[in-house]
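Heads up, the thing below is written out as structure tokens.
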């Protein structure tokens, strides 16, 4: 686990403990998060998950804003219980009062989309190319058939692929 992030989680908890004058249990920290989310707080498991790729690409802002954002969710839940809204007044109070940060709901990190392979199927129609996903291509190989909506012919794999 990146040490700077672990240290920032601890710093956020120390700030919350000083502000609220009470201790908070420390969460488990995981980097098993992919896709568009920078972080997720699992309230009942006392677990923080962070996106390692987004952390590496946006380290300074991630440490300052994202870590505090997720810790604030756990602190708010431990202080106010289940009945609060995720980005409601209580969470905003913690972001502004404890961490002196804007209570931004979402990050604006650039997220690289994964390249996907499309399998090109054809029919006799003009503009008769149909890009299939890997899952649909596998179903065809297992015997499923797909028809062109215009000419009702069975779509046939052309042997071509395209990366998008």
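Glycine residues also receive a Cβ, built from the backbone N, Cα and C atoms like all the rest.
As annotated by Swiss-Prot, domain 'SprT-like' applies to 14-156. Annotation source Swiss-Prot lists Zn(2+) binding site at 69, 73. Per Swiss-Prot, active site is recorded for 70, and the stated evidence type is sequence analysis.
Mean predicted confidence for the domain 'SprT-like' (14-156): the pLDDT average there is 94. The DSSP breakdown of the domain 'SprT-like' (14-156), given as helix, strand and coil counts, is 53 helix, 26 strand, 64 coil.
Sequence-distant contacts of residue 69 (Zn(2+) binding site), defined as residues of its own chain at least six apart whose C-beta falls under 8 angstroms from its C-beta, comprise 39, 95, 101, 104. A simple way to gauge crowding: the CB of residue 73 (Zn(2+) binding site) has 22 other CB atoms within 10 angstroms, across all the protein chains here.
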